[in-house]
Amino acid sequence: MAVNIVKILPLLLTVFAYISTAASHADQGAPVQSFFERHRGSGSAHTNNWAVLVCSSRYWFNYRHMANALGMYRTVKRLGIPDSNIILMLADDAACNPRNKFPGCVYANSGRHLDLYGDNIEVDYRGYEVTVENFLRVLTGRMDESVPRSKRLLTDDRSNIFVYMTGHGGNEFLKFQDNEEISAFDIADAFEQMWQKKRYNEIFFMIDTCQANTMFSKFYSPNILATGSSEMSENSYSHENDFDIGVAVIDKFTHYVLQFMEGINKTSQASMQDLFDTFDPKKLDSHPGVRSDLFRRPLDKTLVTDFFGGVAQVEIIPPVLDEPVTLAGEQALRTDASSATGDQDVFIDPTTLAVTCDAPNASTTTASGLRQHVGPGIDFTILIAAAAQSEVSPQTSLTSTLRAWTSSVLILALVSWTAVTRNRHPSGQ
Amino acid sequence: METLSKAALAFESPLTRRSIIASYFLVILLALPLWWNTTSIERQALPISRVSAQTGRELLFPVHVAVNTSASDINAGVLAQEVQRYVNRNEDFTRDGLELRVSSDAATAKDYQVNVRFGTHDPVVVGREVTVEVPPEHASVAAMRVADTLATLLAPYSSLKSLATASHAERVVSYSPRYRLAFTLLNEDAAAGNAALSWDVRGALSAQLSPFLERLSVLHNFTIESQVQYHGPLAFEPRGLQVAEKTQYGLTPEDLTVFVNSAEWMLSSSVSNDPVLHFIAFIPSSKHTPLRILDNNGIPTASSAFMLPQWGGIVIYNAETIGVARTLATRPLDNIFATFRQQLSALLGVPELPAHVQARSPGVSDWQLDALIRRRAAENTAGAQETLQSILRLVAQIGDMPVGEDVRGDVEDALAALDKTYSSAPSSAVEALTFASKAQVVASRAFFNPGMLALLYFPAEHKWAVYAPLFASVSAPLLASVIREFLAWKKERAAKKARSEQRQKVD
């Protein structure tokens, strides 16, 4: 016992010395206390926020997808993510389209109240640069040396990343530019590579496309929260038309998410659960999904601003003391623990989560593989996409084996038919 | 009729026909290796066993501490033994990767020295020396005092964890051999009357920061840029306060988290890919002067600076008189830059001296610098190891991921650098850091190799759909011709047999 006391004594002395200095500045001591209390047990605090916003479809009639992405861009920027931390990928430039009656503007509602394009916008990847490869390179960081900083996702293990995707999709894929597709497996693998290289703290993945929920069904890396606009074999619909613009201006899911976000400011305490509670299948005409089994924090303790906001914590620094030149008017203070904070971290409790995942089971078949956004107006994309996608309809393993065998048998039959018929001629002569 | 057609096609012998058909198959056979070569993914073998041998290997720094008791009548040898005993019991040293040997031998240049003498003053640090004073009546606790002081000086990250450095991990930027330091003089609204139009940034930098940066140059290479902005509005309205019949403006802790108006302040510098640390001297406009930082209870604090972890620091400068200053220089600017230095030091992870230890000279002491170097070397070593292991895991996990010659080269270089780190750690921490940071950089380069992008995932149906239209139609006539030839050959043989039998009968 005596030995123990002797052992602790130096520590006690240090602590006492510390407390006596700290106590003389009571106004500094209290915030220090609260700072440490707030941080106890929270292992996943982030120090920076990033956003990757992807609109993967081209052409004028996909105006609404550009508006979706730009609406998100405006929101994350308003809530404090700097342009340097936003990777915006727009597959087409609707603002400068010759068919745009309002050049340089993109609107997301039928009254054209708010110009999303604005005067301060930074599109990092545009037009034909928006490819599956570039998207995966952005996520995994596997870039050429010459790629500039603004096109890179320079995240670390303290970064929370918001990934938003919109476009035309189907079961486990999303089309890019009408000529290639990214599959749910590719995104899941990319996230895993990011996790392995400690490129994120947490990811919030949001996707607005048809059968969107299938896109996050393959994720397997930790700390990912995902939401999508519609279940497997369900369409995501556009919200409204503007008759002057002539096309649908925004999709329903994104519209209602943005509507919720308008009520959020930089210091808002609204939680992710609040956001998910606003999803109404009646208004959306589809069943939005949330996947939180990979996410460690309870959703009602996860702030919306953890993903949509800027920085979450600061440390107040006491004025410098050991300077020979100090302003007479300034009162000099010196404590060793220089931490007071306006920290907004939530307490993180690694318990299981209340909301269950409604990711669809991949082994069920859908009658038709093509699901497209159907706007209230005439939408020719259905026809175009139907032709493009008919070969990628989902199959169960049974039907695919059956089909493989059938085609092999067919080929064999063809071969023997050619052989036999040509053979008959000489014998007939 | 038969003789006629045979005559017309005299060149058509079964042999010619068969060799023509065979030539098709020969082409296919010869093309197979080419096809295999061009469609298979290059996957170089990685040195798996060497990488997995790295797990659990920890960087150890043997450190010699010399105890000098010439100024007192304490027996140096006995004291050294006692200190060694305390040190062995203290886990903080091993946690920081230190192998401490305490003796009464004379210290060489890279050893640490503890001078023990009688007195009541706090420990004083000079270079790699520390002078610990023990009250003569408490000479028995000298060993404990020395061991305690050594722990706080040599292993600051472990021993002070519970107190001041709890937020260390969140605040400190991850290691990079190069940093950009961006200094901004930001006027909230120069047109509104309270502003500084320029600043003597060179003078302040050389007076306040250069010695510090010089000291840390073994760790990092710094690039400095500066700018002056005249209009940087806040995104919120500061709270008005009445203090001593004067109106002041306050920033609540919540305001501070959203203080940086990234949408309207042009801070980003995208010249290079080095990490940027921002330092902002903010001059509030005349309608927000003076601007104070409030504590949680809404009472103004004496502090006028705050720090955003891993991002940078901000100093709010309230001039004594409102007005436009042409140039911000001398004392106010020196104060601002002294705070910047303090913020930079915290962001880079320089350990603070313990509260009760005094430094003879200002600036970063050798003890602090050595602790930081050891810390960064250990971090980089662990980071490089982890990166190498994650490369192996991913390559095993994702079958479509190519592994090129350069990736293998980088992995091997990183392993070599790691080996050098371990072998150089006993002799020089700086050298160990150099190799560790090289290992980390090279391992990351291997991970981020642009060629490592895995092929896109395609379901089996896709592959069938792509290959069937081409190969099915090509294979049909080829296979058919083989079958026809086979049947013809069989028929010919049967005919030959029949003929010879006939001949036998005739005979």
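Each Cβ is built from the backbone N, Cα and C atoms, and glycine gets one as well.
Within 10 Å of the C-beta of A:H168 (active site) we count 27 further C-beta atoms, all protein chains included. What TrEMBL records for A:H168 is active site.
Per TrEMBL, the feature active site, nucleophile maps to A:C210. In this structure, A:C210 (active site, nucleophile) belongs to neither helix nor strand by DSSP; it is coil.
The signal peptide annotation in TrEMBL covers A:1-24.
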Other C-beta atoms that fall within 10 angstroms of the C-beta of A:C210 (active site, nucleophile): 28
Alpha-carbon spacing, A:C210 (active site, nucleophile) to A:H168 (active site), which is rounded to whole Å: 7
